[in-house]
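Peer 1: Here's a structure for you.
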């Protein structure tokens, strides 16, 4: 069908009616002083005021008392008058006193002589940004009634159209385009003749085409208003997500044509995808953490008794090889559970203020050995980077896992580059990355020139147990562990890849203003024979028996209890001067910390060592170890338990 020309004012007639019926955008006009002069249904719904309650009042009534005290309402008008428009986000207040987070756009309106005549103001409630809510209800009678008013306010409504960034259109009963706004031509890069020949249907994504055409044509035939979302192709081949709202225009009781509005909702769609992925990763992480915690108790027993057997078996005993195999398997299993905890962001971190360049330099020698001689390693380190708070060992683990991943992507050799620099994450980046804060960050980029990843692989690259390697060649946890460490350290990571060109992983960690923490010197101690009294509290029977055996063999006097209340009763009845309380943190009835606080008045000089596989409890907050807490993470061996107790008793 040929594209018809519009009659004067037709566009404004349609849009005025859309404005009046928009339920989820507050759209209204202000005079130059900020007094409300018009009020739509969306404004009443969003703010709780009827038109007769607001017209004639100052628009600052919607602002919080704090913002009013700072003069922000009038400041926004001044900016709009000077620059043409003003956009802001912040808290707004409803009639009932409740608050909502809103996006506000204020556009200055001027007459043909350039004199300021008022402002157009659009407010959108972002509390429900998962859904695009723009229900437009239009009727032919309302269009006719609005005709004269729209004709007189064409220039003013044109400014509102621009502020809303909407595309208006009309089509016939078969879905063929009749008219469309100039932004439509700009969006698709098509002339009016090309749109008349091809229409909107030609730009549909191939995967959506059959479904959308069937649904839209069915809805057109039904003659009822509808909402539809689909993907359309721009001239460069990029596909964008569109939300369209359509209503029938009736003449003589029958539908004569359709009119509607389209909005580009791609960014919102991407944010929803990120949220779904984050929720999925969180659910799998909770499952992995639960499994890892249960295994930690079992592995403590396996590793502990295998170490005891190795100590008592003679050097030439053939059973030693079997026991060593059990011990090695226990260590590998402990490593796997630690990976599960790390992925789920429940590993125990000892964060320090770090210069990441120093960590990279310290790790470089190991990385060269891991990637092999056929891969060149290059570092491009900015000496001016800020300091970050992270666990140095975990950062090294991140670099190691990314290096191994890069090596596997370059089977014939290549180049691995590690780069650091300071960056500032702005609002544009935050709009597409919901889990990161604005401000100064240190970027660590790890790049290879390997085979690259297709988009389907890139989208799942951080999922646990997902691997493109053959059976038995990988657990699928390497990049999941990287993701967990970065997230637990307050950062964000992204993967960027092109087939045949390589892959880059970009890590952003927030900058802190603090001096670098000196890394401690590692000292190996051989615990001597002991004489102190230990109260050992553990609700797992096998772990408790192992602890009793280990400590008694070293010479300690040991009292054991299966829970906090039993331990408290035992301590009160024995009358012994307890030197150290060694207790599990999470136990039924009374936690380890509650037990320690109850015993402190009886034994003010008593030391405390906590044992746990959990990371969110009374002594560890979200995986971050408190500086005043002595802690040993499960699974542990008898040797590490003895060494840690000695350090605590000696005040180290």
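Glycine residues also receive a Cβ, built from the backbone N, Cα and C atoms like all the rest.
These figures come from a predicted structure and were not determined experimentally.
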Peer 1: May I ask you to indicate which of 129-156, 157-184, 185-212 is given in TrEMBL as coiled coil?
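Peer 2: From TrEMBL, the annotated coiled coil range turns out to be 129-156.
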Peer 1: Are there residues of the same chain, six or more positions away from residue 584 (4-aspartylphosphate), whose CB falls under 8 angstroms from its CB, and which are they?
Peer 2: 537, 538, 539, 540, 543, 592, 610, 611, 612
Peer 1: Average the pLDDT scores across the domain 'Histidine kinase' (290-513) and report the rounded value.
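Peer 2: Within the domain 'Histidine kinase' (290-513), the model's average pLDDT equals 80.
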Peer 1: In the domain 'PAC' (226-277), how many residues does DSSP assign to helix, to strand and to coil?
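Peer 2: For the domain 'PAC' (226-277), the helix, strand and coil counts are 12 helix, 32 strand, 8 coil.
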Peer 1: Kindly assign residue 584 (4-aspartylphosphate) to one of the three DSSP-derived states: helix, strand or coil.
Peer 2: strand
Peer 1: As a quick check of your reading of DSSP, tell me how many residues in the domain 'Response regulatory' (533-649) are helical, how many are strand and how many are coil.
Peer 2: 45 helix, 28 strand, 44 coil
